[in-house]
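Visitor: Okay, these came from TrEMBL:
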- B:20-45: transmembrane segment (TRANSMEM)
- B:21-209: domain 'ABC transmembrane type-1' (DOMAIN)
- B:66-84: transmembrane segment (TRANSMEM)
- B:90-109: transmembrane segment (TRANSMEM)
- B:147-170: transmembrane segment (TRANSMEM)
- B:190-209: transmembrane segment (TRANSMEM)
Amino acid sequence: MKILKKMSLAVAGSLLLTFGAISTASADKLDDITEAGVLKVAVPQDFPPFGSVGPDLQPQGYDIDMAGYLAQELGVKLELVPVTSANRIPYLQTQKVDLVISSLGKNPEREKAIDFTKPYAPFFLGVFGLNEVEVTSPEELADKTVGVTRGAVEDIELSKLVSDDVTIKRFEDNNTTLSAFLSGQVDLIATGNLVVTEIANRSPSRVPETKFLLKNSPCYVGVMKGETRLADKVNELIGKAYADGVLESLSQKWLKAPYPADLASM
Amino acid sequence: MGYELNFGALLEYQDVLLSGLWMTVKLTVVSTLLGIMLGILGAAARRHRNPFLRHGSKAYVELIRNTPFIVQLFFIFFGLPAIGIKMTEVEAGILALVINLGAYLTEIIRAGIDNTPKGQIEAARTLGLSSRQIFIRIILPPAFQRVYSSVVSQCIIVMLGSAVVSQISVQELTFAANFIQSRNFLSFESYLVAALLYLLLAFLMRLIFNLIGSRAFSREEKQS
């Protein structure tokens, strides 16, 4: 009897130990990463300019460069894991990756599932226009003409903001709205910042600049719930990246636009 | 089949619909008047002594009748600014409609002219009328009368075709229906109301054209 009791105690004890070991290990992802020498990051593979496959068949984009920067600062090797927008959060939750850097926006549902760091990339709807058009707020749009894609989120947001003396020209789809801007039929357009990047890539003679924001939804790095040390470290590195001008150069390289200063203080 | 109609929701957008309807009426009136003039000029050019005018008119008719209207419209609105010709969306829309209607009417009126009995022209010449007088007084009126119903139909087609200029953000009736549909997602109701308004416009147009026709041509009859 006694032996049996001892044995069961020992088993229970060792079980406890093992579980304890697992839980402490998972409670500190940052140490695991430095120990393994590898940072596993979920990145998009079909969402340029954030992540796509380049002509040399290597992944390229804003998110890939960001992942590379974090790995370099942590002094570990980088392992990219291509994900889709549907499975990027499950990959993090099942610990297949350490971080999600996949143009991930924040919303209350997602905040229940994972933790977010500070933003690292701009993603927004706004009103854009040529340099010589002086507009900084919806009020200054009076007597101006803005092109927008009918029924899109930016159309609804813009319509709510502006008064009746603003002429909104609504076009059927994004490409027609772009054509209207490129052919000079409108001097301002309401659209997303990625569309503006697209214009900058295609037609450098008429590059629109951000005038004001309609809806801001920047990209954040996703971290497993409760991994505060890792999240703090990533936050520290994002802060450093901004201070060192890394984010500015990433923004210029992939988005053809300056990094918005207000993102740094978010 | 559990769809519940909700026309009440359109009431809040009645201003949009009415201003769209008004824009369609304006587009139609202007482009019909200018288009008929262009059609007559085109038909006159087709039988002109000058070969440049003759072939130019033929080329114009072939070019316009064998390309899609929306391509013509996009070319004028998005293409021409590249060579410095910039128009507002309404100007571009009217220009495209006029050019389009003019080409079809050139062909329709030419068909009427071709059916003019040779004897009438010879008689006019013997009486010492100039070519211009012969065209305006002898050839055109009966020719126009012969093809009047085709002209009316073509003008109505252009009124209906003006729906396409909503694509360059002209705020006419189709634009209004699209706009309302994009706000309340009541596609059935929005487009049904727009369709009924177009139907009404088409009936009204035919009525007005018939009134004008019966007045103008009965006077002709009396004179002859």
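Glycine too: its Cβ is placed from the backbone N, Cα and C atoms.
Distances, neighbours, how buried they are, the whole picture for these features please.
Guide: Distant neighbours of the transmembrane segment (B:20-45): 53-54, 56-57, 60-61, 90, 93-94, 97-106, 108-110, 113, 135, 140, 144, 151, 155, 158-159, 162, 165, 170-177, 197-198, 201, 205; these residues of the same chain sit at least 6 beyond its ends, with a Cβ under 8 Å from one of its Cβ atoms.
Within its own chain, the transmembrane segment (B:66-84) is flanked in space by residues 92-93, 95-96, 99-100, 161, 164-165, 167-168, which lie at least six positions past its ends and keep a Cβ under 8 Å from the stretch.
Sequence-distant contacts of the transmembrane segment (B:90-109) (same chain, at least 6 residues past either end, Cβ-Cβ under 8 Å): 23, 27, 30-32, 34-36, 38-43, 46, 57, 60-61, 63-65, 69, 72-73, 76-77, 80, 143-144, 147, 150-151, 154-155, 157-158, 161-162, 165, 168, 170.
Sequence-distant contacts of the transmembrane segment (B:147-170) (same chain, at least 6 residues past either end, Cβ-Cβ under 8 Å): 23-24, 27-28, 31-32, 35-36, 39, 69-70, 73-74, 77-78, 89-90, 92-93, 96-97, 100-101, 104-105, 108-109, 111-112, 178, 198, 201-202, 205-206, 209-210, 213, 217.
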Visitor: Take the transmembrane segment (B:190-209) and find every residue of the same chain, 6 or more past its ends, with a Cβ under 8 Å from one of its Cβ atoms.
Guide: 7, 10, 17, 21, 24-25, 28, 148, 152, 155-156, 159-160, 163, 173-174, 176-178, 180-181, 184
